[in-house]
Amino acid sequence: MESVICEVSLIVPQQTHAMDATESSKLSDGIEAPMWMFWKRRRYVLVFLAFFGFFNVYSLRVNLSVAIVAMTENRTIHHPNGTISYEQEFDWDSTTKGYILSSFFYGYIFTQLLGGYISNALGGNYVFGVGVGVTAALTLLTPLAAHGGFGWLITVRAVEGFFEGVTFPCIHAIWSNWAPPSERSRMATIAFSGVFTGTVASMLLSGVLADTLGWEWVFYILGAFGCIWFLAWMVIVKKSPEVDPYISAKEKEFILATLQRSAAPAEKVKHPWRAIVTSKAVWALIVSSFAENWGFYTLLTQLPTFLRDTMHFELQAAGILSALPYLVMGLLLSVAGYLADLCQIRRWLTTTQVRRYFNCGAFLAQTVFMLVGALILRPGPTLACITIAVGFGAFAWCGFAVNHLDLSPKSAGVLMGISNTFSTVAGIVTPIVSGRLTANGDENEWRTVFYIAAGIYLVGCVIYWFGVSGELQPWSIEAREKEQIERIERNGHANEGLAMDQKS
């Protein structure tokens, strides 16, 4: 325990631990406008732009999953003299495509911890914006890289991943400054729903653009949209309420009060690394994140190919149907976030129970529907099972995806970086494994892919159930700061008593 204390900065803090959800719900931001008028509240302007930030994060990540089908398909060419020939622009087998699809994560894995660390130093808003902006600019260069050879394409995608890797750790650093505890699940899940909206839009647009304008335009249009968002984000979003010149005084006071923070400059954050890596709650969070992302990335990278080659849908139909599960998940995510907050505010469930029941219930449902879909393996029923399985992931995100903020708000960015590093391993491995397992594209090979995903969901469910915590951890910076303040107050009272005794 002493070694842990030494690793935490024991300076008189400017911030103690935040109120819980029930306490903060009793306060008001003093703004009379209804909640749907998000532009009246600066914290929800941030949520709105964060939504489109994650829209870009995933639209730029997913576009290649559909575009690569068009890039490698055998097209029938009818010549004027009546002859027919077949043309394939890129002659890549399933293994090569697996490496290309996983290459994004080669760079992504290196900036998870870095993103959490530098977001505390520089401000999560700047790092988040630059991460998405550079990824968008590189997306514009993807067609040029592809024509240069798959080695160049892998390199560009890996560099995109390197810059995009900072985004999830940074957003938790932003929430720790802007999100009142009673609105934490709601704000985070609304922003995170951009992930699935971006996935849906990218899959829909990619299939249509590849069929009509050519696969290159998939990257040109989505990359240009990302660049426009970057300019808006950098101008509008600030690091915290204290430095935002456009926030109302009442809203700023409300946020600072719920976070129990003064407007004084924050002290340098020093994370309790040893306690973090030995925490049962942190490891439960890591395993849960890995499990959800294994299934998520399996479908994200392979579903268009599965529908095109095994279920025999046309390219445009495959792109549209691939988007359906993520459309359902995006719609359910806001509902799940609202229900999670409501259960805490009404005291129906504790924070730990909300995280456990939402997360593990979703994992059990995903296990069942992935198994059923694999056993049936017919276009309609299998797609329905996949859609339901992915949709239940919205409730899992109300567990592991916001659990970092429960354990230690000041270390949330770093915790997200650690868990997302392990999740990125899933993103690297699953396209390669799926590519090797489905070399022939037959049904039994794809059944194996779905069985593996179902098994990993089940393992994640069991481990998270027994290891999860929704409480501020004893090793957290906030708990140590509170303990220090209480010790100073006790010493102060003792000194006052001694002085009175001496005076007597």
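Glycine too: its Cβ is placed from the backbone N, Cα and C atoms.
Here is what TrEMBL records for this protein:
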DOMAIN    45-472  domain 'Major facilitator superfamily (MFS) profile'
TRANSMEM  44-71  transmembrane segment
TRANSMEM  99-119  transmembrane segment
TRANSMEM  126-146  transmembrane segment
TRANSMEM  152-175  transmembrane segment
TRANSMEM  187-205  transmembrane segment
TRANSMEM  217-237  transmembrane segment
TRANSMEM  281-300  transmembrane segment
TRANSMEM  320-345  transmembrane segment
TRANSMEM  357-377  transmembrane segment
TRANSMEM  383-402  transmembrane segment
TRANSMEM  414-437  transmembrane segment
TRANSMEM  449-467  transmembrane segment
For the transmembrane segment (320-345), out of 44-71, 152-175, 187-205, 281-300, 357-377, most C-beta pairs under 8 A are with 187-205
Same-chain residues at least 6 beyond the ends of the transmembrane segment (152-175) with CB under 8 Å of its CB atoms are 46, 50, 53-54, 57, 60-61, 64, 99-100, 103-116, 118-120, 123-125, 127-128, 130-132, 134-135, 138-139, 141-142, 145-146, 184, 187-188, 191, 404-405, 412-417, 420, 424
Near the transmembrane segment (187-205) in space but 6 or more residues beyond its ends, with Cβ under 8 Å, are 43-44, 47, 50-60, 62-63, 65-66, 171, 175, 178-179, 218, 221-222, 300, 304, 319-320, 322-324, 326-327, 329-330, 333-334, 336-337, 340, 394, 397-398, 401-402, 405
Ranked by Cβ pairs within a distance under 8 Å of the transmembrane segment (99-119), the first of 217-237, 414-437, 449-467 is 414-437
In this predicted model, the domain 'Major facilitator superfamily (MFS) profile' (45-472) has a mean pLDDT of 86
